[in-house]
Amino acid sequence: LPEQIDWRKKGAVTPVKNQGSCGSCWAFSTVSTVESINQIRTGNLISLSEQELVDCDKKNHGCLGGAFVFAYQYIINNGGIDTQANYPYKAVQGPCQAASKVVSIDGYNGVPFCNEXALKQAVAVQPSTVAIDASSAQFQQYSSGIFSGPCGTKLNHGVTIVGYQANYWIVRNSWGRYWGEKGYIRMLRVGGCGLCGIARLPYYPTKA
């Protein structure tokens, strides 16, 4: 495995987005991984529509939260997802619009529970969605450096791991580019279930 990887430097990650006051982190983290695997497979980096998931993925709950697996399943069952340009983000749930199927995926896989080595293996291949406990003031007010807590393991926020170094994960948040390190946070790698539960619920999409 590479000692370090940063998918941003490989051109596989879109600019940081902002979910606003809508609890749609699940859509942002899912879409982020789909954008990345599509770029890795096709060479085209296309910003995709979180709003389509918020409006149309009825197994999830729009601005009231959702699960990665249902979001991936929606994209698979729907035959693809539209672009951000065609179906822009509104930060409120609305009626499902007719949408183009611009980027598709074949499936999704989970990473073994609380296995940081397996998570590193996954991220070496592509960015992965993870759920974390983002409820601490220290997390919310993070501005720079390697974050080491405090935080619990009550999973309440979906984010994307886009790379790693020997001692930290490079994590893409959806709170805009003025949060953290231009929208990112470096989270200490601690083994096991990970800091803030980061290794408890990782998934990634598959695309041939």
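Each Cβ is built from the backbone N, Cα and C atoms, and glycine gets one as well.
For CYS193, the partner cysteine in a disulfide bond according to Swiss-Prot, taken from CYS63, CYS96, CYS114, is CYS114.
Swiss-Prot lists a disulfide bond between CYS63 and one candidate from CYS22, CYS25, CYS96; that candidate is CYS22. Disulfide annotation in Swiss-Prot: CYS56 is bonded to CYS96, selected among CYS96, CYS151. In this structure, of the recorded positions CYS25, CYS56, CYS114, ASN173, CYS196, the smallest number of CB atoms within 10 A of the CB marks CYS114. In the structure as shown, the Cβ atom of CYS151 (disulfide bond) sits within 10 Å of 19 other Cβ atoms. CYS151 (disulfide bond) sits 12 Å from HIS157 (active site), taking the CA atoms of both as reference points.
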